[in-house]
Amino acid sequence: MNLNLVWIIYKAKSKNALEESLLCFEKLHSKGIEVIKFESGIDTNQLKAISTSKPKLPDLAIVLGGDGTVLGAARHLAIHQIPILSFNVGGNLGFLTHDKSLLNNDEVWERVREDQFAIERRMMLQANLSNSDKSNKYKGGKNYWALNDFYFRSYHDETSPTCSLELLIDDEAVDRYKGDGLIISSPTGSTAYAMATGGPILHPGIEAIVVSAICPMSLSSRPIVVPSGSKLTIKPIGDLSRRVKLWQDGVSSELIQPGDQCLIQKARHHAQMLILDQSPSYYRTLTQKLHWAGSLSNQNNFF
């Protein structure tokens, strides 16, 4: 890979991420590589300017932070097919990141330059909002993207009522959900919020969409897995006060109300993640991150 221009995207309000970004900047700059730094967070996200300023795109984006920082970067970079190399600096689980210790290894950058890595293409989701009245409040066809999930929860200033949502798949009415909300998840997001609702874990090599209700008021509501080519339409039900909020990868997005609808489907682009591990294993990652038992032969005093 030719490294002429590299972006460093680091976790906002993280001293460790800032310090590592400066060290990484100096290391890459000393190798004759042009480097631009971006701060990324919920309140401060300098990547938002990409869509308007249209800067020169990098050969590689290095993300320093946790999974949340990677998700935020992917939402802006995937559409431009910018490969992402991420390191866990100040994160928690780090499902999508490499260990921080690799940053101090000069061999990493030589391996990248010599194409000694794999690229894992992660399925993204796309959402579009529309309304049935004549206000045209969603005119312009704005797209929303997520690497993990979109979910809908009731919105109210002082109380937290349940919400009612109707789900259509490929224009066929499937169910009506009453409860705390509904999650539409990618395979990557199957180990996030959807997993907490009892949803299945999907290997990232499987392209499918998971639908999971959040605390449904029905014993018959169960997570379902649908083909990646499916088009899912979610409609709030009730009077105009029954607004719900759309969240993308855990970040607040838009308020929608009865009369509006949200179409969610597989995005045309993928997040391109660089994998440095020469023998990567998704199951090993699950075992380590979720603290599964793994092989009994590798454990002492198991019984």
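From the backbone N, Cα and C atoms, a Cβ is placed for every residue, glycine too.
Keep in mind that TrEMBL annotations are predicted by a computer and have not been checked by a curator.
According to TrEMBL, the feature active site, proton acceptor maps to ASP67. In three-state terms derived from DSSP, ASP67 (active site, proton acceptor) belongs to a helical segment. Long-range neighbours of ASP67 (active site, proton acceptor) (same chain, six or more residues apart, CB within less than 8 Å of its CB): GLY91, ASN92, LEU93, GLY94, PHE95, LEU96, THR97.
The NAD(+) binding site annotation in TrEMBL covers ASP67, GLY68, ASN148, ASP149, LYS178, ASP180. LYS178 (NAD(+) binding site) counts 16 other C-beta atoms within 10 Å of its own C-beta, drawing on all protein chains shown. For the recorded site, LYS178 (NAD(+) binding site), the DSSP three-state label reads strand.
Each of the binding-site residues ASP149, ASP180 was ranked by the number of other C-beta atoms within 10 Å, and first place falls to ASP149. The record assigns ASP67, GLY68, ASN148, ASP149, LYS178, ASP180 to the NAD(+) binding site, and the maximum Cα to Cα distance across that set is 30 Å. The Cβ of ASN148 (NAD(+) binding site) has LEU71, SER185, SER186, THR188, GLY189, ALA192, TYR193, ASP249, GLY250 as same-chain neighbours under 8 Å, each 6 or more residues away in sequence.
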